[in-house]
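Here TrEMBL flags 21-41, 47-68, 89-112, 118-135, 142-160, 172-191, 212-233, 239-260, 272-292 as transmembrane segment.
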Amino acid sequence: MTQLATARMSARSFYALCKPRVTALIVFTAMIGMFMATPGMVPLQTLLVATVGIAFASGAAAAFNCLIEYKIDAMMARTRARPLPTGQLSQMETLLFASVLGGLGLSMLYYWVNPLTMWLTLGTFVGYAVIYTVFLKPATPMNIVIGGASGAMPPILGWAAVNNTVSPEALVMFLIIFAWTPPHFWALALYRREEYAKVGMPMLPVTHGEQFTLLHIVLYTIILVVVSMMPFGLGMSGWLYLAAAAILNCVFMYYVVSLYRHYSDALAKTTFKYSILYLSLIFAALLLDHYLV
Ligand code: HEM
Ligand SMILES: CC(C)=CCC/C(C)=C/CC/C(C)=C/COP(=O)(O)OP(=O)(O)O
């Protein structure tokens, strides 16, 4: 293999460590947090540096997660092809990469955005890479309810980057992702339950069974519906957001209630995929409403 081809392959492996699609949505919600924080335009430097800084920190957190879990990843079909289980990258390369990327991201936030954003991002990083991955995930089926707080932080990070403070509006966006995470993850955990059982991860469908998990998916989706009305209720968003949220909520409720009534792996997969579309569109609706209405 030529040197160029080897370099390209390594770059692709390092990129894969960052769980790029999850990180993309995380960064998207952080950017919406920035736009929502001001009635005008976000200063260009803040927009660029905070976006890159948060993306680096999120990618580094994902890379640490890959490092900590590489033995488990090797045993599951969904994660078997990741760079560590396949031997494309070593543990040392991953550790170095994650440290440099995370250090770079946090430094950018500290020096060019503000220290508050850096500290909040560091807390988010530790919350996911250490508290969730090391302690909660192998210990309790409520792992993602608590660990989900990390995934919900990005709009707060975006808001803090612009306003150097945390306000109720930012907390409302946090709550939307926080309530969304359990249905998002448990839909996947249901159709992947055998794999989680095999590696000894106490996910809710493994420890408490299908019906209990389905009930909790429905209950958290009801909480999500209520929470997603808060931007309108608090006067943060207008009719455009309300209409979009109402449609997105009806579809989500339809999926989770159908799943509750007649479970199938195929429908669980569709519900999981829809959860990602839901979060992308509800945050896009916040943004459109903010500037158009
Ligand atoms: C603790 C909280 C969370 C858990 C346990 C979780 C779990 C998962 C898992 C296991 C997958 C992999 C699906 C697969 O390989 O087929 C996944 C995919 C995904 N998650 Fe989450 N997630 C969480 C939070 C989030 C958050 C906060 C976001 C974004 C804001 C997010 C966005 C996504 C996206 C975009 C995908 C699709 C990735 C792809 O297609 O490769 N997740 N999630
Ligand atoms: C600093 C910052 C902004 C951090 C963001 C935190 C972050 C990356 C949250 C994402 C949550 C996520 C990828 C969960 C996947 O679950 P899992 O790790 O259990 O999934 P797996 O089985 O696919 O490894």
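Cβ atoms here come from the backbone N, Cα and C positions, even for glycine.
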Note = Per the Cβ under 8 Å criterion, with at least 6 residues separating them from its ends, the transmembrane segment (89-112) contacts 10, 13-14, 17-18, 45, 49-50, 52-57, 59-61, 63-64, 66-67, 70, 83, 118, 121-122, 125, 161
Note = Other same-chain positions with a Cβ less than 8 Å from the transmembrane segment (172-191) and lying at least 6 residues past its termini are 29, 32-33, 36, 144-145, 148-149, 151-156, 159, 203-206, 210, 213-214, 216-217, 220-221, 223-224, 227-228, 230-231, 234, 236, 252, 256, 259, 263, 265, 268-269, 271-272, 275-276, 278-279, 282-283, 286
Request  = Mark yes when the transmembrane segment (47-68) and the transmembrane segment (272-292) have three or more Cβ pairs under 8 Å (sequence separation 6 or more) and no when they do not.
outcome  = no
Query = Apart from its near flanks, which chain residues at least 6 from the ends of the transmembrane segment (118-135) lie with a Cβ under 8 angstroms of it?
reply = 53-54, 57, 60-61, 64-65, 68-69, 102, 105-106, 109-110, 143-144, 146-147, 149-151, 153-154, 156-157, 160, 166
Remark   = Near the transmembrane segment (239-260) in space but 6 or more residues beyond its ends, with Cβ under 8 Å, are 183, 187, 214-215, 217-218, 221-222, 224-225, 228-229, 231-232, 267-268, 270-271, 274-275, 278, 281-282, 285-286, 288-289, 292-293
